[in-house]
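Participant: Submitted below is the structure of interest, expressed as structure tokens.
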């Protein structure tokens, strides 16, 4: 399945060859396994999200969040429904995620594979070149049209006049008015396939307006999505301005989310060819992390990497047993607590650890406190210390945590 559907990107797959009589490779995406799962379990409807590791054998670009092993977060709606309602919901979800992450202004480019194929047909692309020309067109977000045209003509043998006709279309982008204009285009309207796609896109824009997100969506004829399993609406989210900082160039990570409709994939796994139409989206987790980290550096914001609420410390030697008793009490009360795994840690080491990791509270037990049946509670940020009764330790900590 993968080698058929990813013909031009087969080199990106980690093919493990013959493993003791089994043909195996590392998971390339989450979509193809999802389609297989639906077919094997004879599921006709499903709405699900999945987060998982995938692997691509490409050149890593760490500053752009491009790795060989990375995490994808997918959301898909499978089932036979009325046109464009699930598709519009997927775009709404994509908007909610990107808005919620506060990455800055973004735009979701939308197109339809039927419009792309119809455009190729009326422009004169031979049918056996559709897939390879589509792969070239998919590079328009990284390369100017002149370079893509050169690849189509010089490397893939497309006639120059055909490439020029494609060029007239792929530089068009807009909203519902462009959809309506292209529906009346003398050349494009000759393709019934393209007209079907444009009809669905018009309906999609109506639903997007009702969802209140139409201003975030752009109908863009340069969008192709190189994967061959897409059959209808396709989309890709790009940041309009990544959050750079003074004197530094903004980070270019490419698309941060993408997806589309793939109505024929499940049938290819089903022995009887039963079909389940699907639409979904994928979020690039690492790419988004790169942007969040950059934004944090720009603002000087820090993020805690641990959830510890209380640190149990001692200034003196031979107090490991007391610390273990206290930490057990805190754990049993549901308080997130920790201590250094040392018999006799230095007090300064313990204080610096708390400050470095932003642990809010510190419990200190020593000889004096043990004699008097009290304990010291220190606020790490303000460095203020109070002495409290040993019995009221848990209650006092819970009170402080609820107030913070």
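Glycine is treated like the rest: Cβ placed from N, Cα and C.
All annotation found in TrEMBL is predicted automatically rather than curated by experts.
Found this in TrEMBL, in case it helps:
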| type | residues | note |
| --- | --- | --- |
| BINDING | 29, 30, 31, 56, 72, 76, 225, 229, 230 | L-histidine binding site |
| DOMAIN | 49-315 | domain 'Aminoacyl-transfer RNA synthetases class-II family profile' |
Participant: Under 8 Å Cβ-Cβ from residue 230 (L-histidine binding site), six or more apart in the same chain: what's there?
Facilitator: 113, 260, 261, 262
Participant: Between 31, 72, which of the binding-site residues has the fewest other CB atoms within 10 angstroms in the structure shown?
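Facilitator: Each of the binding-site residues 31, 72 was scored; lowest Cβ tally within 10 Å is 72.
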Participant: Assuming the binding residues for L-histidine are exactly those in the record, 29, 30, 31, 56, 72, 76, 225, 229, 230, what is the maximum CA-CA distance in angstrom, rounded?
Facilitator: 22
Participant: Would you mind giving the whole-number mean pLDDT across the domain 'Aminoacyl-transfer RNA synthetases class-II family profile' (49-315)?
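Facilitator: Mean pLDDT, the domain 'Aminoacyl-transfer RNA synthetases class-II family profile' (49-315): 89.
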